[in-house]
Amino acid sequence: MTVRIATWNINSVNARLEKLLEWLRSAQPDVVCLQELKCATDAFPYDAVAELGYEAAAHGTGRWNGVAILSKIGIEDVVRDLPGQPGYLDPAAAAEDTLLPAEPEIEARAIAATCGPVRVWSVYVPNGREVDHPHYAYKLRWLGALRDAVVADAAGDRPFAVLGDYNIAPTDADVWDIAKFEGATHVTAAERAALTDLQEVGLADVFPRPLKYDHPYTYWDYRQLSFPKNYGIRIDLVYGNKPFVGAVSDSYVDREARKGKGTSDHAPVVVDLSL
């Protein structure tokens, strides 16, 4: 059995719906993990993807964040949010003078499902913003909850993977110019240590094979002609357990989906499995 699995930060699923549908028709993935939906759960375009044969499980709260899983091979045992997932309280909200204290929000950043023979998480890891910002500490706490959530599946016999926008470049080589990131998030030792924690529980980075360029970046800023200049970073990752990695027959970044107007600033990462 061949299973094609992909992950894509779509950067607003409804704004880029035609781009998504076009890509689904051409790439023909069996399972797709989406991030940054920017819509509520009930506003996800279920009917549009169903016309192409996909069931969908979505998790969104409105304007920001949001994750989903699409599948042509079934969706079962859906879980929304990580067990023990931390919330985030924006400093501006915390400072507001109200009668009731503001509560940390559990953001829509993780969803899991079993799709045929494979169990997957679609994750949208917090950005972190700046190293001295509360969002960075929140990011590290969130990654700790992710590690705890995947321990059992990582050690299991069923193919299992955590796919998504990790907002971390695993190595300096995953950034087009590491000097540009000095003192910034996405490349700090603490963030990379969180990826090491995933490896220690049994997950491995499924590295995409290079296509046009020597390094398979997955994100290019909209500004400064970053995409044509290949000023990219590799932050959209697939971490799989031993049964998953052992079944990989191909893995690549679909740069074609990043070309043109109205695209996401991320490209899909595609993994083919022979099970």
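From the backbone N, Cα and C atoms, a Cβ is placed for every residue, glycine too.
In TrEMBL, annotation is done automatically, which means it is predicted and not curated.
Quick look at what TrEMBL annotates:
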DOMAIN    6-266  domain 'Endonuclease/exonuclease/phosphatase'
BINDING   Asn9, Glu36, Asp165, Asn167, Asp265, His266  Mg(2+) binding site
ACT_SITE  Tyr124  active site
ACT_SITE  Asp165  active site, proton donor/acceptor
SITE      Asp236  site 'Important for catalytic activity'
ACT_SITE  His266  active site, proton acceptor
SITE      His266  site 'Interaction with DNA substrate'
Exercise. Among the binding-site residues listed here, Asn9, Asn167, which has the most company in the form of other Cβ atoms within 10 Å of its Cβ?
Worked result: Asn9
Exercise. Can you name the binding-site residues among Asn9, Glu36, Asp265, His266 whose CA is within 10 A of the CA of Asp236 (site 'Important for catalytic activity')?
Worked result: Asn9, His266
For this session: Output the one of Asp165, Asp265 that, of all these binding-site residues, has the highest number of other Cβ atoms within 10 Å of its Cβ.
Result: Asp165
Exercise. Beyond Asn9, Glu36, Asp165, Asn167, Asp265, His266, what residues of that chain have CB atoms within 8 A of the centre of the Mg(2+) site's CB atoms?
Worked result: Asn11, Gln35, Tyr124, Tyr219, Ile235, Asp236, Ser264
